[in-house]
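The block underneath contains the structure these notes are about, expressed in structure tokens.
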Amino acid sequence: MLIVGAGGHGRCCLDIAREYYDHIAFLDDNHINNMINDCKVIGQIDDMRLYCSEYKDIVIAIGNNKLRKQLFNKAVELGYDLISLISNKSIISNYANIDKGTVVFPNAVIEANVTVGKGCIISTGAIIDHDAVVGDYCHINALAVVSSMTKITEYTKVDYGQVYRKKDMDETWKEEYVKQFGEEPSFF
């Protein structure tokens, strides 16, 4: 497996990857040929194209939501399998839907009928309550809570310990919602 990004997020992804993979390497622009947490940085991020044949599975471990999307799309174009990296120490309903390229950290809870989009980060201890929708390339930080039936638009970052509720959604949010989902939100 190949992890793109060897910063803090990438190192945490490595811990989860070790639950499932034996052969793991990093790509990172700042640490080439170094060992990080007993895992080698084999090249720069732009070197993704060089490793398609050796590494089929990839995760984009970049905290910046928009950059993560760009690298996600590049990996898809190159033929990688964008895997969802889900800690076996997380709690996920059998009725939740998690799209490809999402990372779910230990002690995160994703309840029934939740939808999590592509390329998201669900950090340690985050809770996404039933029937919520998390758009593509969002970051739900550690100990954050997304309340039930809340819909979060693409690129949203819910900060550490924040509770994101339906009432937190202003007119700008509603406009973004309509652009993304093609309808007015039904829960106001």
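Cβ coordinates come from backbone N, Cα and C, glycine included.
Where the annotation comes from TrEMBL, it is an automatic prediction and has not been curated.
In TrEMBL this protein carries:
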type	residues	note
DOMAIN	2-74	domain 'PglD N-terminal'
BINDING	ASP28, ASP29, GLY63	substrate binding site
ACT_SITE	HIS130	active site, proton acceptor
SITE	ASP131	site 'Increases basicity of active site His'
BINDING	HIS139	acetyl-CoA binding site
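In terms of C-alpha distance, the listed recorded positions HIS130, ASP131, HIS139 place HIS139 closest to GLY63 (substrate binding site). Using the Cβ center of ASP28, ASP29, GLY63 for substrate, the list of other same-chain residues with Cβ within 8 Å runs, in sequence order, VAL4, GLY5, ALA6, GLY7, GLY10, ASN30, ILE45, ALA61, ILE62.
In sequence order, VAL4, GLY5, ALA6, GLY7, GLY10, ILE36, VAL41, GLN44, ILE45 make up the list of same-chain residues 6 or more apart from ASP28 (substrate binding site) whose Cβ falls under 8 Å from its Cβ.
Neighbour density for GLY63 (substrate binding site): within 10 A of its CB lie 15 other CB atoms from the protein chains shown. Around the residue listed as 'active site, proton acceptor', the same-chain residues six or more apart in sequence whose CB sits under 8 Å from its CB are SER93, GLU111, ALA112, ASN113, VAL114, SER148, MET149, listed in sequence order. DSSP labels the residues of the domain 'PglD N-terminal' (2-74) in these numbers: 27 helix, 17 strand, 29 coil. Counting neighbouring Cβ atoms within 10 Å of each of the recorded positions (ASP29, ASP131), the lowest count belongs to ASP29. Other Cβ atoms within 10 Å of the Cβ of HIS139 (acetyl-CoA binding site), summed over all protein chains shown, number 23.
The distance from the Cα of ASP131 (site 'Increases basicity of active site His') to the Cα of HIS139 (acetyl-CoA binding site) comes to 18 Å.
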